[in-house]
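Pulled from Swiss-Prot:
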type     : residues      : note
ACT_SITE : Glu147        : active site, proton donor
DISULFID : Cys24-Cys39   : disulfide bond
DISULFID : Cys33-Cys45   : disulfide bond
DISULFID : Cys36-Cys65   : disulfide bond
DISULFID : Cys38-Cys52   : disulfide bond
DISULFID : Cys56-Cys60   : disulfide bond
DISULFID : Cys102-Cys165 : disulfide bond
DISULFID : Cys179-Cys187 : disulfide bond
DISULFID : Cys286-Cys318 : disulfide bond
DOMAIN   : 22-62         : domain 'Chitin-binding type-1'
SIGNAL   : 1-21          : signal peptide
Amino acid sequence: MRALAVVAMVATAFLAAAVHAEQCGSQAGGAVCPNCLCCSQFGWCGSTSDYCGAGCQSQCSAAGCGGGGPTPPSGSGGSGVASIVSRSLFDQMLLHRNDAACPASNFYTYDAFVAAASAFPGFAAAGGDADTNKREVAAFLAQTSHETTGGWATAPDGPYAWGYCFKEENGGAAGPDYCQQSAQWPCAAGKKYYGRGPIQLSYNFNYGPAGQAIGADLLGDPDLVASDATVSFDTAFWFWMTPQSPKPSCHAVATGQWTPSADDQAAGRVPGYGVITNIINGGLECGHGEDDRVADRIGFYKRYCDILGVSYDANLDCYSQRPFGS
């Protein structure tokens, strides 16, 4: 999460809007009503048709509540990730991504998300296990939301409604070039490989193989990751799906395909969302007790799981995990 330096600016812009009385749904950061009450289209909890009828956001029937979570809005009727996340649900999850105060306003589109996901057919496609697929979507959007967040503790609709606010590392153009000498992935003259896109792809040794995988010259034109939304999502899905030894892929962990080795177990690395955080930024965030950045990643994950109507898995943090390779 490299965008926090701008949080004060965003907070000031919306201070007048920070007082909200709504109780649930998109108006309350994806919150779910207590006691199985319905969440109306306007963000209020109740049990009459005004709350449970047209526009109801979650727990719209007793059956939906009985499953231990909200009833997610119906999908788009498409296939793959589109069958899990409809356009309206995407807008609810990334509620403020197109806010005028966000530098990435109107960049990250639903169509680009679906198009990029379709290029990685294994994503959210665990055969016959709908809940696992939903959790993988929640985990992907949570980790990338943390990397691009514009939220703060008292932000309108809560801190976890501000994912995808940024598309470039704050100050990246004026910073270091993130180039490590490599014969395989040589840096182009005058180019910088700072964080861009949903996963904040960094360094030439990531831009090179990501570009090779998706068919784009990202070493020669790294700015594509911040100018073409589909390419931007492509790089995030590439990172998510690709193992980089000794790390497993985020996808393998999210879908239960990763079995920790004896060394992993000795390092406290056990299956769960926390290992995904370790894969992405464990060297800075994991293994030294509680960390606000890890907690932020968990907050996004819980919100998205709630919206998708699935329970959280175990081992959400990496506070006691040693980073990979340490």
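Counting starts with 1 at the first residue shown.
Quick reminder: no glycine exception, Cβ is built from N, Cα and C everywhere.
Computed from a predicted structure; not experimentally measured.
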Spatial neighbours of Cys60 (disulfide bond), counting only the disulfide-bonded residues Cys38, Cys52, Cys286, Cys318 and Cα distances within 10 Å: Cys38, Cys52
Nearest of the disulfide-bonded residues (Cys56, Cys165, Cys286, Cys318) to Cys38 (disulfide bond) - Cα to Cα: Cys56
Cα distance (Å, whole number) from the residue listed as 'active site, proton donor' to Cys102 (disulfide bond): 14
Inter-residue C-alpha distance, Cys165 (disulfide bond) and Glu147 (active site, proton donor) (nearest angstrom): 9
Conformational class of Glu147 (active site, proton donor) under the three-state DSSP mapping: helix
Proximal residue to Cys187 (disulfide bond) among disulfide-bonded residues Cys24, Cys39, Cys45, Cys56, Cys318 (C-alpha distance): Cys318
Within 10 angstroms of Cys24 (disulfide bond), Cα basis - recorded positions out of Cys52, Glu147, Cys179, Cys286, Cys318: none
Cβ-based isolation winner (fewest other Cβ atoms within 10 Å) among the disulfide-bonded residues Cys39, Cys165: Cys165
Distance from Cys39 (disulfide bond) back to Cys45 (disulfide bond), taken between C-alpha atoms, in Å: 5
Least surrounded among the disulfide-bonded residues, given as Cys24, Cys318, when other CB atoms within 10 Å are counted: Cys24
Integer Å distance between the CA atoms belonging to Cys56 (disulfide bond) and Cys39 (disulfide bond): 6
Fewest other Cβ within 10 angstroms of its own Cβ, chosen from the disulfide-bonded residues Cys179, Cys187: Cys179
Winner by Cβ contact number (other Cβ atoms within 10 Å) across the disulfide-bonded residues Cys38, Cys56, Cys102: Cys38
Glu147 (active site, proton donor) CB neighbourhood, other CB atoms within 10 A: 25
Between Cys52 (disulfide bond) and Glu147 (active site, proton donor), the C-alpha gap once rounded to whole angstrom: 35
